[in-house]
Amino acid sequence: MVEDGSEEEEGEAEGERGEMLGASQHNGFLPGKEAENGGPGGCAALGAGGIQLETRLSRRRLAVLAVFSCYSLVNAFQWIQYSSLNNVFVRFYGVSFTEIDWLSMVYMVAYVPLILPATWLLDARGLRLTALLGSGLNALGAWLKCASVAPGRYALTMAAQAVCAVAQVFILGLPSRIASVWFGPAEVSTACSVAVLGNQLGTAIGFLLPPVLVPNTPDDIDLMAHNISIMFYGTAIVSTLLFFLTGVVFEEKPKYPPSHSQALLQALPPEDYSYKQSIINLVRNVPFVLLLISYGIMTGTFYSVSTLLNQMIVTHYEGEEVNAGRIGLTLVVAGMVGSIICGLWLDYTKTYKQTTLIVYILSFIGMVVFTFTLDLGYLIVVFVTGGVLGFFMTGYLPLGFEFAVEITYPESEGTSSGLLNASAQIFGIVFTLVQGKLTTDYSPRAGNLFLCAWLFVGIILTALIKSDLRRHNVNSGIMNMDVKAVPVDNPVERETCTALKIQSDL
């Protein structure tokens, strides 16, 4: 593959082939329909007249990835900013800790009923509109928070957080879609990791920055309100700027597909696509269902630990709110490093199941160690164990996305990612409520042991997943062919079409 230069330098014939290849904006299709009778949709990735179409990498892909990562960062920051200051907001709004916890859990609650409409919108209306909705709602929620800076306005800040939660629905499912549509086979897993990295970095900043911007001043509510307003207005300005950048940078897809697997999908006629059939195919895919549950357990555990971390730390180390934020930062930054390493490793080895299982086991071990060292009285130990836990637990997130895309190809990346995130939100709600209750009534150890038990179940489910790397097999099979004109009746073309049909029927 080579980088494309200016579009003006492209030959007329190449331009026609690029337009032909990018005609469809849809992924997913009715099983077998595209291959009937060897029609024009049967192997359209080879182009009209049997010409095998080239793939290229667009320079714009890096800007798209950067802008998405930034507005995903701001959305994650808004998710965790209340939890990292839960004792401050309890005093400011005059509500209970549970009500402050709901400011984080509303993200999880909103995601579950809205994910199917959001993934339908992504498939039917495309990447650009979905990105604009996510960044736009993110900015709107941030500005509404600015109006909630006054005691007694808890309902307004909850409404503002709910808007940000809806924005999240149009954000969390995009990393694997952006990676697949814009990046080539040798960099797709790394690109997905970087996209997820933005969200993790936002969580990290959400742990670190709010305690610095809004110190606990229980005897001076006016000063507290001033500090909160600085945080809210700063977030609103940044999120608005990113909304405008999204409008400038995002395009539906590059002129040329970045991989042969994308070429095959983009060449399918829109009428061959069925969102309902795509959902049915995913539900019938047993390896995906196992991954759906195990991913939900792992990510739900991370959500619960992130939401309740401040409460757990302050229980054993009174007055250490700032260090609690730093521990959260350590947990997430270590996970960011883990994400990048895992992404690079997947691009190099393609060992999806083995890597996922090993990271799952190490996350379980990290959770056990964190549980039994939390109350030793040494904050440095909590920093270390939190970092180890974060390295593996948050490093797992892009693994799940990419593994799902591999075992569900040619179904839409947005749909599989959306269902994974819906599972994570459901488990996150349940885990946060149960762990919060156990932590309040008994101790943080009781709540953490509850999570450890579920992580062990997740290890068993992950071990049962059959590794069927469909996307990788398509890319490998086509890339091993000679790049040349292929007659319509060539056996190679028929074999390629047959392979795609077989995979779509699974």
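Glycine is treated like the rest: Cβ placed from N, Cα and C.
Under the heading domain 'Major facilitator superfamily (MFS) profile', TrEMBL lists 64-470.
If you look up TrEMBL, you'll see 62-82 (among others) marked as transmembrane segment.
If one looks beyond the transmembrane segment (102-122) by at least 6 residues along the same chain, the residues whose Cβ comes under 8 Å of a Cβ in the stretch are 79-80, 82-83, 89, 129-130, 133, 157-158, 161-162, 164-166, 168-170, 172-174, 177, 275, 279, 303, 307, 412, 414-415, 418-419, 421-422, 425-426, 428-429, 432-433. Sequence annotations record features per position, and here TrEMBL assigns transmembrane segment to 102-122 (among others).
Annotated transmembrane segment per TrEMBL: 129-150 (among others), in sequence order. Same-chain neighbours of the transmembrane segment (129-150): 68, 71, 74-75, 78, 118, 121-122, 156-157, 159-171, 174, 225, 228-229, 232-233, 235-236, 239-240, 242-243, 246-247, 250, 414, counting only residues six or more beyond its ends whose CB sits under 8 Å from a CB of the stretch.
Among the features that TrEMBL reports, transmembrane segment is placed at 156-176 (among others).
Only residues 6 or more beyond the boundaries of the transmembrane segment (188-210), in the same chain, are considered here, and those with a CB under 8 A from a CB of the stretch are 61, 65, 68-81, 84-85, 171-172, 174-176, 178-180, 182, 231, 259, 306, 309, 324-329, 331-333, 335-336, 339-340, 342-344, 346-347, 394, 397-398, 401-402. What TrEMBL lists as transmembrane segment is 188-210 (among others).
Sequence annotations record features per position, and here TrEMBL assigns transmembrane segment to 230-250 (among others). Only residues 6 or more beyond the boundaries of the transmembrane segment (230-250), in the same chain, are considered here, and those with a CB under 8 A from a CB of the stretch are 60, 63-64, 67-68, 70-71, 74, 77-78, 81, 127-128, 131-132, 135-136, 138-139, 142-143, 145-146, 148-149, 209-210, 213-214.
Here TrEMBL flags 286-305 (among others) as transmembrane segment. Through the fold, the transmembrane segment (286-305) approaches residues 108, 331, 360, 363, 367, 389, 393-394, 396-397, 400, 403-404, 407-408, 416, 419-421, 423-432, 435, 448, 451, 454-455, 457-459, 461-462, 464-468 of its own chain, all at least 6 residues removed from its boundaries and within a Cβ separation under 8 Å.
Per TrEMBL, the feature transmembrane segment maps to 325-345 (among others).
Annotation source TrEMBL lists transmembrane segment at 357-374 (among others).
The feature transmembrane segment is assigned by TrEMBL to 380-405 (among others). Counting only same-chain residues 6+ beyond the ends of the transmembrane segment (380-405), those with a CB under 8 A from a CB of the stretch are 175-176, 179-180, 188-189, 192-193, 195-196, 200, 288, 291, 295, 298-299, 301-302, 305, 313, 317, 326-328, 330-339, 341-343, 346, 352-353, 355-356, 359-360, 362-363, 366-367, 369-370, 373-374, 413, 416-417, 420, 465, 471.
Taken from TrEMBL, the feature transmembrane segment covers 417-434 (among others).
Annotation source TrEMBL lists transmembrane segment at 446-465 (among others).
Of the candidate ranges 62-82, 156-176, 325-345, 446-465, 156-176 contributes the most Cβ pairs within a distance under 8 Å of the transmembrane segment (417-434). Beyond the ends of the transmembrane segment (156-176), by six or more residues, the same chain brings 68, 71-72, 75, 78-79, 82, 93, 102-103, 106-107, 109-111, 114-115, 118-119, 121-122, 127, 130-131, 133-138, 140-142, 144-145, 147-148, 192, 195-196, 199, 398, 401-402, 404-405, 413-418, 421 to within a C-beta distance below 8 angstroms of the stretch. Per-stretch counts of Cβ pairs under 8 Å to the transmembrane segment (357-374) identify 446-465 as the leading one among 62-82, 325-345, 446-465.
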